[in-house]
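Worksheet for the structure shown next.
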Ligand code: ZN
(Lines of atoms letter the chains of each structure in order from A and count residues from 1; the text may use other names and numbers.)
(Lines give C-alpha, C1' and ligand atoms only; values in the text may rest on other atoms or scores of the structure.)
Protein backbone atom coordinates (compact mmCIF):
# COMPACT_ATOMS: atom_id res chain seq x y z
CA UNK A 1 0.00 0.00 0.00
CA UNK A 2 1.34 3.46 -0.88
CA UNK A 3 1.95 5.64 2.13
CA UNK A 4 1.73 9.32 2.88
CA UNK A 5 5.22 10.80 3.26
CA UNK A 6 6.18 13.68 5.55
CA UNK A 7 6.82 16.97 3.72
CA UNK A 8 10.05 18.95 4.13
CA UNK A 9 9.26 22.50 5.14
CA UNK A 10 11.27 25.64 4.37
CA UNK A 11 14.07 26.38 5.40
CA UNK A 12 15.04 22.70 5.17
CA UNK A 13 18.35 22.63 3.26
CA UNK A 14 17.27 19.88 0.88
CA UNK A 15 14.87 22.35 -0.74
CA UNK A 16 17.87 24.40 -1.92
CA UNK A 17 19.92 21.57 -3.41
CA UNK A 18 20.20 20.68 -7.06
CA UNK A 19 18.70 17.20 -7.31
CA UNK A 20 20.56 14.30 -8.93
CA UNK A 21 19.53 12.49 -12.12
CA UNK A 22 17.66 9.22 -11.60
CA UNK A 23 19.97 6.60 -13.13
CA UNK A 24 17.73 3.58 -12.87
CA UNK A 25 14.01 3.29 -12.23
CA UNK A 26 14.19 0.41 -9.78
CA UNK A 27 11.67 -1.00 -7.33
CA UNK A 28 12.37 1.72 -4.79
CA UNK A 29 11.80 4.51 -7.30
CA UNK A 30 8.57 2.85 -8.40
CA UNK A 31 7.43 2.64 -4.80
CA UNK A 32 8.41 6.28 -4.26
CA UNK A 33 6.34 7.30 -7.30
CA UNK A 34 3.25 5.66 -5.77
CA UNK A 35 3.94 7.16 -2.33
CA UNK A 36 4.45 10.62 -3.81
CA UNK A 37 1.21 10.34 -5.78
CA UNK A 38 -0.68 9.36 -2.67
CA UNK A 39 1.01 12.13 -0.64
CA UNK A 40 0.17 14.77 -3.25
CA UNK A 41 -3.50 13.77 -3.29
CA UNK A 42 -3.72 13.52 0.50
CA UNK A 43 -2.23 17.02 0.93
CA UNK A 44 -4.38 18.37 -1.91
CA UNK A 45 -1.34 19.48 -3.86
CA UNK A 46 -1.31 19.82 -7.64
CA UNK A 47 2.29 18.67 -7.81
CA UNK A 48 5.12 17.33 -5.66
CA UNK A 49 8.86 17.06 -6.18
CA UNK A 50 11.06 14.36 -4.60
CA UNK A 51 13.19 16.86 -2.62
CA UNK A 52 9.97 17.86 -0.82
CA UNK A 53 9.80 14.37 0.65
CA UNK A 54 13.50 14.31 1.48
CA UNK A 55 15.04 12.73 -1.62
CA UNK A 56 17.28 14.91 -3.74
CA UNK A 57 16.55 13.20 -7.05
CA UNK A 58 14.97 14.41 -10.29
CA UNK A 59 11.46 13.04 -9.95
CA UNK A 60 8.17 14.93 -9.81
CA UNK A 61 4.51 14.00 -9.76
CA UNK A 62 1.77 16.25 -11.07
CA UNK A 63 -1.95 15.93 -10.71
CA UNK A 64 -3.88 15.63 -13.96
CA UNK A 65 -7.52 14.88 -14.69
CA UNK A 66 -6.47 11.25 -15.13
CA UNK A 67 -4.74 11.13 -11.75
CA UNK A 68 -1.11 11.48 -10.69
CA UNK A 69 1.47 11.54 -13.48
CA UNK A 70 5.11 10.82 -12.63
CA UNK A 71 7.89 12.53 -14.57
CA UNK A 72 11.37 11.10 -14.07
CA UNK A 73 14.29 13.35 -15.10
CA UNK A 74 11.94 15.99 -16.53
CA UNK A 75 13.48 18.62 -18.74
CA UNK A 76 11.74 21.64 -20.19
CA UNK A 77 12.87 21.81 -23.80
CA UNK A 78 10.84 24.75 -25.06
CA UNK A 79 9.15 27.71 -23.39
CA UNK A 80 6.67 30.06 -24.97
CA UNK A 81 7.71 33.67 -25.25
CA UNK A 82 4.49 34.75 -23.57
CA UNK A 83 4.12 34.48 -19.83
CA UNK A 84 1.23 34.87 -17.44
CA UNK A 85 0.79 35.59 -13.77
CA UNK A 86 -0.91 33.02 -11.59
CA UNK A 87 -1.32 32.32 -7.92
CA UNK A 88 0.77 29.45 -6.54
CA UNK A 89 1.15 27.76 -3.23
CA UNK A 90 3.72 25.20 -2.17
CA UNK A 91 3.42 22.35 0.33
CA UNK A 92 6.88 23.30 1.63
CA UNK A 93 5.78 26.89 2.32
CA UNK A 94 2.61 26.44 4.38
CA UNK A 95 -0.04 29.17 4.38
CA UNK A 96 1.71 31.21 1.71
CA UNK A 97 0.54 32.16 -1.76
CA UNK A 98 2.47 34.10 -4.38
CA UNK A 99 1.72 35.47 -7.82
CA UNK A 100 4.34 34.00 -10.11
CA UNK A 101 4.96 34.72 -13.79
CA UNK A 102 5.36 31.52 -15.78
CA UNK A 103 5.66 30.62 -19.45
CA UNK A 104 2.18 29.96 -20.85
CA UNK A 105 3.21 26.92 -22.85
CA UNK A 106 6.09 24.52 -22.54
CA UNK A 107 7.40 21.37 -24.14
CA UNK A 108 9.07 18.85 -21.89
CA UNK A 109 10.69 15.45 -22.05
CA UNK A 110 10.80 12.93 -19.25
CA UNK A 111 10.93 9.21 -18.56
CA UNK A 112 7.81 7.43 -17.37
CA UNK A 113 7.76 4.85 -14.58
CA UNK A 114 8.75 2.17 -17.11
CA UNK A 115 11.76 4.19 -18.27
CA UNK A 116 10.23 5.12 -21.60
CA UNK A 117 11.11 8.57 -22.98
CA UNK A 118 8.02 10.74 -23.38
CA UNK A 119 7.55 14.18 -24.93
CA UNK A 120 4.72 16.39 -23.79
CA UNK A 121 3.29 19.76 -24.60
CA UNK A 122 1.60 21.55 -21.75
CA UNK A 123 -0.21 24.81 -21.27
CA UNK A 124 -2.20 26.57 -18.60
CA UNK A 125 -2.21 24.99 -15.15
CA UNK A 126 -0.25 21.87 -16.17
CA UNK A 127 2.52 24.01 -17.70
CA UNK A 128 2.60 26.08 -14.52
CA UNK A 129 2.78 23.05 -12.24
CA UNK A 130 5.59 21.43 -14.26
CA UNK A 131 7.60 24.67 -14.14
CA UNK A 132 7.05 24.94 -10.38
CA UNK A 133 8.09 21.33 -9.75
CA UNK A 134 11.12 21.44 -12.06
CA UNK A 135 12.19 24.55 -10.13
CA UNK A 136 12.22 22.38 -6.99
CA UNK A 137 14.75 20.05 -8.66
CA UNK A 138 17.02 23.06 -9.10
CA UNK A 139 16.60 24.36 -5.56
CA UNK A 140 14.30 27.19 -6.65
CA UNK A 141 11.20 28.18 -4.64
CA UNK A 142 8.32 30.54 -5.38
CA UNK A 143 9.65 33.03 -2.82
CA UNK A 144 12.59 33.57 -5.18
CA UNK A 145 10.25 35.24 -7.67
CA UNK A 146 9.15 37.91 -5.23
CA UNK A 147 10.81 41.11 -4.14
CA UNK A 148 12.21 40.94 -0.66
CA UNK A 149 9.84 43.63 0.57
CA UNK A 150 6.85 41.51 -0.46
CA UNK A 151 7.96 38.48 1.56
CA UNK A 152 6.72 37.62 5.04
CA UNK A 153 9.44 37.97 7.71
CA UNK A 154 10.10 34.23 7.98
CA UNK A 155 11.04 33.99 4.29
CA UNK A 156 13.31 37.02 4.13
CA UNK A 157 16.51 35.25 5.14
ZN1 LIG B 1 6.42 23.67 -4.35
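Glycine residues also receive a Cβ, built from the backbone N, Cα and C atoms like all the rest.
Quick look at what TrEMBL lists:
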BINDING   90, 132, 136  Fe cation binding site
ACT_SITE  133  active site
### Summary
residue 90 (Fe cation binding site) and the residue listed as 'active site', compared by Cα position, are separated in whole Å by 10
### Query
Looking at Cβ-Cβ distances, which residues of the chain lie under 8 angstroms from residue 133 (active site) while being 6 or more apart from it?
47, 48, 49, 60, 61, 62, 71, 74
### Summary
Per DSSP (three-state), residue 132 (Fe cation binding site) is helix
### Message
For a quick check of packing: other C-beta atoms within 10 Å of the C-beta of residue 136 (Fe cation binding site), how many?
### Response
24
### Task
Using a 10 Å cut-off, grab the number of neighbouring Cβ atoms around the Cβ of residue 132 (Fe cation binding site), all chains included.
23
### Message
Other residues near the Fe cation site, CB within 8 A of the CB centroid of 90, 132, 136?
### Response
47, 49, 52, 88, 92, 133, 135, 141, 142
### Task
Inside 10 Å of the Cβ of residue 90 (Fe cation binding site), count up the other Cβ atoms and send me the figure.
25
